[in-house]
Structures are given as C-alpha cells and as structure tokens.
Amino acid sequence: MGENLPLLLSAALGKKVNRPPVWMMRQAGRYMKIYRDLRERYPSFRERSENPELSYEISMQPFLAFKPDGVILFSDILTPLPGMGINFEIIESKGPIIEDPIRNIRQVEKLKELIPNESLSFVGEVLSSLKKDVKNEATVLGFVGAPWTLAAYVVEGKSSKNYSLIKSMAFKEPDLLHKLLDHFAKSIGEYLKYQIKSGAQVVQIFDSWAGQLSPQDYDIFAGPYQKKVVDIVKEEFPDTPIILYISGSAGVLERMAKTGVDIISLDWTVDIEEACKRIPTGIGIQGNVDPGILFGNKDSIKERIDNTFNKVKERKYILNLGHGILPGTPEENAKTFFEHGKKLTY
C-alpha cells in the first residue's frame, strides 16, 4: 500500500493524522444546483446512478466544489437488486417502488445469485475511474445496504412508516425471512468485495432501518447478517476499513460494535461523549452532527463542529453528519462545514 495514503484512509486504519477527515453522506445530490440541473436532463434516477459517465460526474460534483476527504460512489442501496431478479424504480419525492414485493418462499427460492461483474459492471467502472482521478487527494468510498434494510424494502414494496409487513414476516414466518436475509448477506458480501477490487478504499454499510428493531430483534434479524457481510469481506480484504451506519442506533451501539466493523457512524440523537463510553476504544467513530444545523448560520455550524470534535478528539474520528445532507440545504453552508472541518487539529 505504501505510506503515502489519503487522509481518510489513514485515519480509518488508525494511523496518526493531523486532523480528522471530513465528508458527508449524500454529499452528491439534490442540495447542489449542478446536480438539479443534470437531473432535469436525465430525470430517471436509475439512469443517473447506472450510467457510468453520469454516476462518475455526479460523484465528482461535491469533490470539485468542496474538496472533501472522501469521494463516495453515486449509487443507491437498491442498485444490486435487479442482479438478483428484483426490479425496482425510484420515483422522485415518493422513493423506491419494488415491482413485485417478496412475500413467499417461492419468490425467495427464485432469487438469483448476484454476480457483480456481470450485473453491476457500471459500478466497477465508476469506482476505478474515481480512484484513478482523485489520486491521493481523497479516499474513494463504496457502500451497500445491509440485509435487514434491503429485506424491509423488498417485503414492504416501498418505504414504510411502521414496517408492519416485514415485522409480520419476522414474527409469523421467521424461517422465510432468514432465508431472504441469508441470500442478501452472501450477495452483499460479494458486491462489497467487487467494489473494493474496483477501487473502493473504505466501504460503508447502511442498515438504515435496523433502528426500527428492538435490541432483542436486532440480535436475531440484523446483527448476525451485518456480521456475515463483514466476515465475507474481511476474509479477502482484512485491511479494508468498514463503517456501519444505522439511523436511530442509540439503543444498539454495543451490538453494532460486535459485528466486526472498524468504525461506527452515529446519528445525531445520541450524545457523542456517551457513545464513546459505550463503543470499545479500538473502534472508530464517524458523524453525529445534526444535518439540520446546516440550515443555521455559519457561526452555529462552526460551533457545533467544534463542540462535537472536542468531545471525541481522544478517539479515531471522521467528521460527518448524523444522516445524509438534506435537500434544500444552502450550498454555502455545506462549504462552511467542509472548510471549518479542515481547520480542526489534534
């Protein structure tokens, strides 16, 4: 690997760095005018995320504008589904719609094995272009959705407020759900390895909806499958740092730490000082800043960044938001977040 590593990768590996790296979840997207202009020309989300030229261009937009320390692939957690035989569409302002929601064993048994270099070659293309072009100026990030969250989408058929369909399956037909989760874990593990081979230097697992589970159900339906994904990746790439993000994770932080990930990405509903006490010291911490602060003034943004960093500076830390940046966020304020983040020092 050599010692001349980009900052975010160095920090994620636990090496000594002069400042915490900074990037943002959803840093490429709707808050940027350049993205909205491109979206008018290419209204289909799937085209924007599956056409390698467009995905590359969008991934680079925030890098060219703000020079964050991480450049994350522009894609979606549902992108691998068609390669398993599950079709979906993303409708602007409505979110994802699964064409044929999975509700029975026949459908699970019909799922195809994911072969990423066949069904997701466009992702490999984008990651290798990013790696080539950002050089050591930033770290290239890949990402996937975790098995529970993918299952929540494909069983519900769309975003849900109370997850009654997948919870019904969990408590009435747990064997069926475990088969589906197991299929996803193997596929997602392979997909992450493909991303790493293609150029991703750090990867993040999003289990966006695992915060909807009680801790005891997390131990049955989410944690073991997160761990399975991590184990598959670490077997071949033991040195690639893995970040785990769950929205609403305050009740399961200790459990997240047992999955084998290197870094836990916090939402903003947990005090970061308390999180530091609950997460073992060998595990890094990312995020925790409320994305809503970016609707405030510049001073409040700087103050919140300083306040968060001062509580966590004894730890391996990556500055980020506690959720994706929100549509409508002023671009000037995103710029302040990055600029001020780069002024922090250990």
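Glycine is treated like the rest: Cβ placed from N, Cα and C.
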Joining Arg26, Gln27, Ala28, Gly29, Arg30, Phe45, Tyr153, Ser208, His323 at the substrate site recorded in Swiss-Prot, out of Asp69, Asp76, Asp182, Asp299, is Asp76
Candidates Ala28, Asp76 (binding-site residues); min other-Cβ count within 10 Å returns Asp76
Around the Cβ of Arg26 (substrate binding site), other Cβ atoms within 10 Å, all chains included, total 18
